[in-house]
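Now, the feature entries from Swiss-Prot:
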| type | residues | note |
| --- | --- | --- |
| BINDING | N51 | heparin binding site |
| COMPBIAS | 9-21 | compositional bias 'Low complexity' |
| CROSSLNK | K110 | SUMO1 cross-link |
| MOD_RES | R4 | omega-N-methylarginine |
| MOD_RES | R4 | symmetric dimethylarginine |
| MOD_RES | R6 | omega-N-methylarginine |
| MOD_RES | R6 | symmetric dimethylarginine |
| MOD_RES | R8 | omega-N-methylarginine |
| MOD_RES | R8 | symmetric dimethylarginine |
| REGION | 1-21 | region 'Disordered' |
| REGION | 143-159 | region 'Heparin-binding' |
| SITE | K143 | site 'Important for interaction with integrin' |
| SITE | R144 | site 'Important for interaction with integrin' |
| SITE | K149 | site 'Important for interaction with integrin' |
Amino acid sequence: VGGRGRGRGTAAAARREPGGAMAAGSITTLPALPEGGDGGAFAPGHFKDPNGGFFLRIHPDGRVDGVREKTDPHIKLQLQAEDRGVVSIKGVCANRYLAMKEDGRLLASKCVTDECFFFERLESNNYNTYRSRKYSSWYVALKRTGQYKLGSKTGPGQKAILFLPMSAKS
């Protein structure tokens with residue numbers, strides 16, 4: 001499930017409807033990137049944390065970390081809207097989706113699962129936070145060392161959970 005031109009939904013998505021939409025119970029989700037449209041995908045960019053100056057990086061082998069080099073190709077990320085305020089985060093070069101596992105680890109999944117959706121919120125300080133939809137009290141976070149922080153160790157008000165979305169051109 002997921003990828004260009006195919007339907008995207010939760011692991012419980014039951015059937016494909018006319019026009020390529022997927023039905024998940026009584027909720028219909030549109031294809032992630034339909035032919036000739038962006039399907040809720042935003043222009044690729046970078047996510048920089050103000051804590052250590054790291055860019056969130058998704059590796060092709062599934063690892064997730066932070067790096068300070070703005071030229072690293074694996075920091076190019078694409079947000080895809082799933083619902084109002086809910087996004088998935090795709091590593092463009094890695095062709096993988098950011099996921100939070102049940103033990104709080106961050107990794108990159110080859111396909112979209114229910115662990116790949118995050119509530120995106122613009123905080124009062126103008127930074128964004130990404131809170132797991134499945135594990136609702138856990139956030140995407142980077143430590144000052146550039147390593148990801150376990151979701152179970154995160155919470156509101158921590159600097160580690162703040163990100164500044166930036167254009168890939170800047």
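Using N, Cα and C of the backbone, Cβ positions are placed for all residues, glycine too.
The local packing around R144 (site 'Important for interaction with integrin'), expressed as other Cβ atoms within 10 Å of its Cβ over all shown chains, amounts to 14. The Cβ of K149 (site 'Important for interaction with integrin') lies under 8 Å from the Cβ of A141, L142, K143, A160, each of which sits 6+ residues away along the same chain. Comparing the recorded positions N51, K110, K143 on other C-beta atoms within 10 angstroms of each C-beta gives the minimum for K110. As a summary of secondary structure, the region 'Heparin-binding' (143-159) carries 4 helix, 2 strand, 11 coil according to DSSP. Taking the Cα atom of each, K110 (SUMO1 cross-link) and R144 (site 'Important for interaction with integrin') are about 27 angstrom apart. Distance from the CA of R144 (site 'Important for interaction with integrin') to the CA of the residue listed as 'heparin binding site' is 6 Å.
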